[in-house]
Amino acid sequence: MNKRKILVPLGEKSYEVTLEAGILNNISEELLKIGITKKRKILVISNEEISNLYGKKFLNNLKDNKFQAKMFLIKAGESYKNLKTLSEIYDVAFEFGLDRNSIIIALGGGIVGDVSGFAAATWLRGIEYIQIPTTLLSMVDSSVGGKTGVNHPKGKNLIGAFNQPKAVFIDPETLKSLPKREFSAGMAEVIKYGVIRDKELFEYLEIDKNKNELINLKNEYLIKIINSSIKTKSHVVSQDEHENGVRAILNYGHSFGHVIENLCGYGKFLHGEAISIGMNIAGKIAIEKGLWSKEELERQRVLLESYDLPTEIPKINKEDVLTILMGDKKVRDGKMRFILPKEIGAVDIYDDVEDSLFLKFFS
């Protein structure tokens, strides 16, 4: 399988995403290629499930090639993406003697990547880190773009930093052991890219043959959609690293998705499932504002559901919805900003959406 390389062009902070089936088996070689010498200490952060699948083999690969490496396992689940977990990482970093020339490797899904990246941003005022995402959602979304952080009891990702990785390595082979529900959750983000910027990708995902090959985890098809998704994200991030403008379009479906995650309790819906419902709500608002057609909303709904994603809006208290939305990071000068579709392949940012326009979708 051919190796794909995607540049994320951010001046001095530019880096490459390397996408290849089986790349985890040659990780030591890949690290040497990007200048990670064997003198540098490596702290690999993962979780128990990933460690059992790939982590031990990964760590042994590093040690067999004379890298000074240690692995620390954090607990899996959104409820552990917090300051306590971060503090535990700092303790291990101190005991291991992680200095400014050391490096952190995040081996796992989005939670591992977010926490590891923030630990790297804050340990000794910042050390380098590498993302090795093992879920579809983290491959196409959280591993690229430099958003790192932890949750606060009042909301998701309220504590964090923009911290670009030194490199990202993606091995689609890791998706073979991903639970089907987790794979579907990742497809929500892939479909999102189709709606916001890539009509061709959206249409590719609608074709039954492609759908079947993706569900059966054929590398060639996985690489195609991961490559397309990352190219879109890279292009947007390179224009607006710190989300002061156009980067906000990557949050399509996320404002309402975060509301659903928060009010239904973290864990009821996977992140991608909540985003799927959020995209359906955003699509309904777009119809109310006359931005796109019922046919386009229906195409989005059918595509989401064909990858086993939920679109039905759960019963949630309207007042709670407003409270959560006003605490959203996308609020500017007291105004909520919504990412709404104009057509398949194009969205825009709107701050003139009346509360009544979206509250009617909640009971």
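Placement of Cβ uses the backbone N, Cα and C atoms for every residue, glycine included.
Here Swiss-Prot flags Thr134, Thr135, Lys147, Lys156 as NAD(+) binding site. For Lys147 (NAD(+) binding site), the same-chain residues that are 6 or more apart in sequence and have a Cβ closer than 8 Å to its Cβ are Asp114, Gly117, Asn157, Gly160, Phe162.
Per Swiss-Prot, Zn(2+) binding site is recorded for Glu189, His254, His271, and the stated evidence type is sequence analysis. In the three-state DSSP reading, His254 (Zn(2+) binding site) counts as helix.
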